[in-house]
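Novice: After the structure tokens below, expect a handful of questions from me.
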Amino acid sequence: MTAGLSAGIAVDIGLAALVAAMALWTITVRDAYAAVIGFIGYGLLLALVWVRLDAVDVALTEAAIGGGVTGVLLLRAVGALHRGAAPLEDGPPPGPATRRIAALACAAVAAGLALVVLGVSGPAPTLAPLAAEHLPATGLENPVTGVLLAFRALDTLLEKVVLLLALIGIWSLAPDGVWGGRPTLGRPGQASDTLRFLAQLLPPVGIVAGIHVLWVGADAPGGAFQGGAVLAAMWILAMMAGLAPVPAIGRPWLRAALVVGPLAFLAVGVAGIFIADGFLAYPPAFAKPLILAIEAAITLSIAVTLAMMVAGPPQRPDAP
Amino acid sequence: MTGLLLDIASVVAIAGGAFFFLAGTVGLLRFPDTLSRLHALTKADTLGLGLIVLGLLPTVDSAVTGAKLVAIWLLVQLAGASVAQLIARAARQDAPQDVRQDGPPS
């Protein structure tokens, strides 16, 4: 028992040191490409940290979003910078005074955070027992899903809207001439045989896995975000290999898929005013089916939103 | 008795897997060019993960969990091998002419 405990502590210390070293390396390395690779490794290490904290839901999300989708997004951003249409206009480099003030401000924030974390006495206040006590009312068995979709549903709803806003931000970078047109992913018509092979073999498995992750989310680690990220990855793969066309951003079906999740969430939430106790409340008899329906719609929206984020702003007009 | 033998087999297989991961990492850090680094990495990942999965199989509590482990190994093999091909292709396209024709410089 003691040996197992100390081995666990050794692993934790090693992990923490690795995370800190990786973070430091990511922000100090000069090459943007290397920094992105460091960031992806950092995300995967963080996922391991969450596993060690028994937060498998968060670990799955961190691996899929923090390591996976964000990594691809950043890699594409670095690629776009290297193709370098126009070099960024840098102002004069900050003087020593500015640097010192910035360093002092950062150190003050770090010291404040350290004080707050170290100053907490006794067990931190927690709502976990309360959440666990009321979980049966939702018909779910995974407390994380219960919190996300029942107890703190408003947060989750707003999260989905933020995701949509981010996509609108990306789309707003499109030049006027190609508004409503198609983004480009990969080099059209030049995908290698290997990529096409992978894109033919993996998606059937990946789509089943994504839906499985969504479905088990009610009772075990998993859920809409993780499942949606897997589905998005499969679609991105097919688009990069040229097996599926990249849709024009003006297509009505695409717009519908983007908003169906938040809209379904909002509709059930508003219905809660009339058939249950209030906004975003579920009638107890239908709590689980309603939550699953919302999760399914959200998964679709998340998958489409993430894939379109990676695809980026449209670059060519929507030719028939 | 069988339990003890299975435990020993588990430990041996997992230790072997860890060794191949270590060897692959050393290769990744020490080999001189992209193609040989990739070679070290994919070999180690495929064999190392295979041995670890093999070592974990006697410890699973249900056949479904075992099947999931094997499926993960197969998926990692598929992804690892394909991605290694893609990286190698990109590296060859970026490399100077002599590397592209003669393979890695000796």
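Cβ coordinates are placed from backbone N, Cα and C, and glycine is handled just like the others.
Keep in mind the model is a prediction, meaning the values are calculated, not measured.
TrEMBL feature annotations, pasted as is:
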type	residues	note
DOMAIN	A:17-82	domain 'MrpA C-terminal/MbhD'
DOMAIN	A:195-311	domain 'Na+/H+ antiporter MnhB subunit-related protein'
TRANSMEM	A:6-25	transmembrane segment
TRANSMEM	A:32-51	transmembrane segment
TRANSMEM	A:63-81	transmembrane segment
TRANSMEM	A:101-120	transmembrane segment
TRANSMEM	A:157-174	transmembrane segment
TRANSMEM	A:195-218	transmembrane segment
TRANSMEM	A:224-244	transmembrane segment
TRANSMEM	A:256-275	transmembrane segment
TRANSMEM	A:290-311	transmembrane segment
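For the listed features, I'd like the structural context: burial, neighbours, distances.
Specialist: DSSP places the residues of the domain 'Na+/H+ antiporter MnhB subunit-related protein' (A:195-311) in helix, strand and coil in these numbers: 91 helix, 0 strand, 26 coil.
Listed by sequence, the residues of this chain that lie at least six past the ends of the transmembrane segment (A:195-218) yet keep a Cβ under 8 A from its Cβ atoms are 60, 140-142, 145, 186, 224, 226-231, 233-235, 237-238, 240-243, 288, 291-292, 295-296, 299, 303.
Below 8 angstroms of C-beta separation, residues 57, 60-61, 64-65, 68-69, 72, 185-186, 188-189, 191, 195-196, 198-200, 202-203, 206-207, 209-215, 217, 261, 295, 298-307, 310-311 of the same chain, each at least six residues beyond the ends of the transmembrane segment (A:224-244), sit close to that stretch.
Taking Cβ pairs closer than 8 Å, the transmembrane segment (A:290-311) reaches residues 69, 72-73, 76, 138-140, 145, 149-150, 160, 163-164, 166-167, 170, 183-185, 210, 214, 217-218, 223-225, 227-229, 231-232, 235-236, 239, 246, 249, 254, 257-265, 268, 282-283 in its own chain, all 6 or more past its ends.
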Novice: Within the domain 'MrpA C-terminal/MbhD' (A:17-82) only, compute the mean pLDDT.
Specialist: 88
